[in-house]
Amino acid sequence: MSISSLFGGRYDNKFLLNMSSAPKIELIVDKVASLSERRLEGRLPEDWFRHIMDPETEFNSEFADALCIGIDEFAQPLPFLPFKALLVTGTAGAGKTNSIQTLAANLDCIVTATTSIAAQNLSVVLNRSKSAQVKTIFKTFGFNSSHVSMSERQSYIANDERSIQIQQKQDLSIYWNVISDIADRALGAVACKTKELPDLCESSVIVIDEAGVILRHILHTVVFFYWFYNALYKTPLYEDGIVPCIVCVGSPTQSNALVTSFNPLTQNKDVKRGIDVLSALICDDVLSKYCEVDNNWIIFVNNKRCADHAFGDFLKHIEFGLPLKPELIEYVDQFVKPASYIRNPMNEIETTRLFLSHNEVKNYFRSLHEQVEVTNRNNLFVFPVYFLIKNKTFEDYKSEIGNFSLEIEPWFKSNIHRLNTYSQFADQDLSKTVQLEEIVLEDGSVEETLITCHLKHIRNSSIGVTSKIKASTVGFSGTYEKFVELLQSDLFIEKTSCDQTIHAYSFLSGLMFGGMYSFCCSKFTTPEVLMEIKNIKMPSIEFLESEMSRMSPDVQTVETDERYDFGLVNDGLSDVDLLEIDPCGDPFFTRYSKLPLTNSLSFEEISLLYTTFKDIFISRFAILQKHTKGKFGKTLLVTYNRNNVSRKQCGEIYSHLKSFYGMLTYAIPANNYTLEGYTNDNVVHLGTDKQLPQILYKKGLPRLVIKDEMGFISVLDNNVSKFIDVVNGQSFHLCTTVDYATVSKVSMTITKSQGLSIQKVAIDFGSDPKNLKLSSIYVGMSRVTDPNNLIMNVNPLRLNYENDNFIAPHIVKALKNENTMLIF
């Protein structure tokens with residue numbers, strides 16, 4: 001008998017699994033609280049943090065590129081910096097995030113993640129306000145864009161018998177180029193008293209989500225900066241000698257930390273696999289023993305993302321390294337469909353394709369775009385991407401690397417993966433041909449070279465953003481039912497930070513105002529409906545009427561004005577059309593013909609306006625629902641904030657006022673969006689970047705229009721990013737990229753999908769995969785939320801694959817250890 005059958009189907013399996021694990025998840029709080037109470041047995045040397053010797057010189061006396069923190073002549077060897085660690089691992093979708101939620105709710109802790117997507121996802125899960133967004137662990141300890149090009153170095157290893165003290169120094173030495181730069185800047189900032197208190201001074205409990213994708217030396221880097229910052233600012237944590245507790249969360253069988261190096265002289269890139277934090281804590285005897293992993297390991301067992309019993313059993317066999325019995329291999333056969341079916345973009349349109357390599361993803365997009373171009377050209381958007389190369393800086397760069405024959409175009413093609421988010425250019429259908437032109441200034445001088453490429457996207461396709469991007473939410477597109485549900489639940493208001501609440505109320509009022517006329521224009525509207533609509537009580541709003549009396553009907557509104565003249569709605573309609581719609585005029589717009597500026601009203605007045613419009617809107621909705629027996633609610637509502645908006649056949653969305661007025665928001669990587677189109681109109685709050693040359697706007701720089709999962713429409717700001725390369729300690733700002741920071745979610749690599757929950761998945765393992773790994777099979781198949789929505793071109797378990805799950809024996813050993821906390 002299944003658990004759910006005991007409850008008569010009242011609760012689903014996912015709910016029951018989460019509830020059954022809740023009591024033990026709460027025990028994690030006690031475990032972390034206990035570890036975070038540890039204190040130093042003795043004090044660290046006084047002022048140890050002001051002048052620190054490069055740890056590499058302790059292993060290699062002939063090391064020529066030593067970098068000391070502070071003043072070289074005062075530098076002393078780095079003392080050992082103690083720490084505690086707790087390991088929280090589990091199968092995909094097992095509920096590890098629940099443990100983070102519980103810790104955040106019950107303890108004063110610093111919650112971080114290793115990637116932007118994971119950080120934004122946690123911000124959503126924890127319902128963090130704009131001012132308290134979860135940061136990446138890199139940003140938390142002070143990493144910034146100037147450190148991207150700083151190379152990691154190899155540490156000299158004298159022998160294999162290493163203590164934890166030596167291991168810590170060797171790990172820090174690998175990352176010392178970055179560490180020393182951040183530390184020197186922090187010392188300078190304190191001297192100038194310009195630095196705010198760093199995040200690592202807030203608590204001794206530091207949570208790192210998705211710890212399986214960062215290299216092991218980052219663990220010791222976090223420990224170093226905890227002690228460094230707290231010593232620098234003389235915090236109570238430091239004065240009391242509180243030892244940091246690092247909570248490392250992730251799935252060790254999904255770990256995939258990479259070491260990337262770039263040779264400026266040859267312009268060649270080298271990528272190889274490194275040892276991640278989770279693997280180091282589990283497999284490294286020295287580190288594992290010091291952190292007492294045998295006593296400090298929590299394992300989540302059941303997959304709660306997909307509660308299908310057979311599928312969960314299959315995933316657990318891979319997770320724990322159990323032998324794959326013939327019946328399990330036969331079980332996977334049911335997901336197989338022909339490769340030609342999966343590779344045809346016209347099949348399974350709403351399904352996300354996963355591939356092993358970036359080239360396969362790119363080829364799929366090209367095939368998809370070719371078909372769309374033939375079947376419906378207007379659904380294929382082609383957007384320009386610009387790269388501004390600084391000519392003088394490029395010449396200085398050539399001199400520094402000693403490659404005087406290097407030209408801009410070959411350099412660009414070799415470095416495009418470094419100029420912005422790798423997957424954006426590695427996966428997408430970016431034009432092979434590039435256009436180079438020199439930007440000539442008014443005095444005739446040439447300082448920059450402009451490179452133009454083109455990027456393709458499909459209308460109504462699923463997209464994501466590569467980083468947190470400023471946007472202006474301007475409208476709504478969805479059913480009437482959905483919009484009324486949002487109004488009644490106040491979901492939009494709840495998801496808005498407190499400091500933005502007045503703007504949220506004003507924005508929703510503008511949407512209701514713009515959509516109110518649609519009740520009279522609906523195909524379901526009858527004379528009886530119109531009479532009932534006219535009988536709806538519309539209270540007098542004193543401040544609105546006084547505002548109207550101050551407005552002359554002849555005054556022209558400016559682009560940034562929130563006033564809205566409903567007469568614009570009827571542009572293009574004849575008098576006969578208007579009479580057929582409503583011969584007596586809509587009483588709503590007779591009483592409330594204009595909306596005042598948000599900044600001219602108090603919060604109480606905006607709230608009253610919102611409540612009044614909401615009551616009228618819902619009353620009109622109820623009337624039409626009653627007369628149509630619920631059919632009206634299923635119809636489409638498209639409304640924009642205080643604006644009339646139209647769409648051209650080519651996908652361009654334009655305002656009749658030549659300007660969009662919306663609510664300032666942000667698009668984040670954790671969310672899914674639909675590409676609605678693009679606009680060339682002005683967007684209030686976004687404006688133009690004055691640092692960019694005007695030639696870009698003359699050539700064309702559209703903004704993308706997207707829709708979120710709730711149905712709200714936003715205009716994305718353009719993404720401007722700088723590429724700074726570091727060679728021999730010298731920084732070179734070589735390029736500024738102007739693009740859209742978007743990636744299609746129609747297809748991606750299996751590696752990139754890690755950590756995502758996907759409704760429908762189609763995996764293409766290739767025709768004859770040479771480097772197929774068990775971890776790739778596991779990650780790809782475990783993304784799906786329902787195995788009925790999973791298809792694959794082959795059964796990968798019947799192919800030759802590398803069993804790279806070297807963690808499994810350690811997990812099995814931990815499962816047998818009575819000190820391991822198991823959460824089912």
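Any Cβ shown, glycine's included, is placed from N, Cα and C.
Swiss-Prot lists Gly90, Thr91, Ala92, Gly93, Ala94, Gly95, Lys96, Thr97 with the feature ATP binding site, giving sequence analysis as the kind of evidence.
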Quick check: in three-state DSSP terms, what is Lys96 (ATP binding site)?
helix
In the structure shown, which of the binding-site residues Thr91, Thr97 has the fewest Cβ neighbours within 10 Å?
Thr97
Helix, strand or coil by DSSP: which one applies to Thr91 (ATP binding site)?
coil
Cβ density check for Gly95 (ATP binding site), other Cβ within 10 Å (all protein chains) comes to 23
Sequence-ordered list of residues in the chain of Gly90 (ATP binding site) that lie 6 or more positions away and have a Cβ within less than 8 Å of its Cβ, or none, is Lys96, Ser251, Ile299, Phe300, Val301, Ile823
Near the Cβ of Lys96 (ATP binding site), how many other Cβ atoms are there if near means within 10 Å?
22
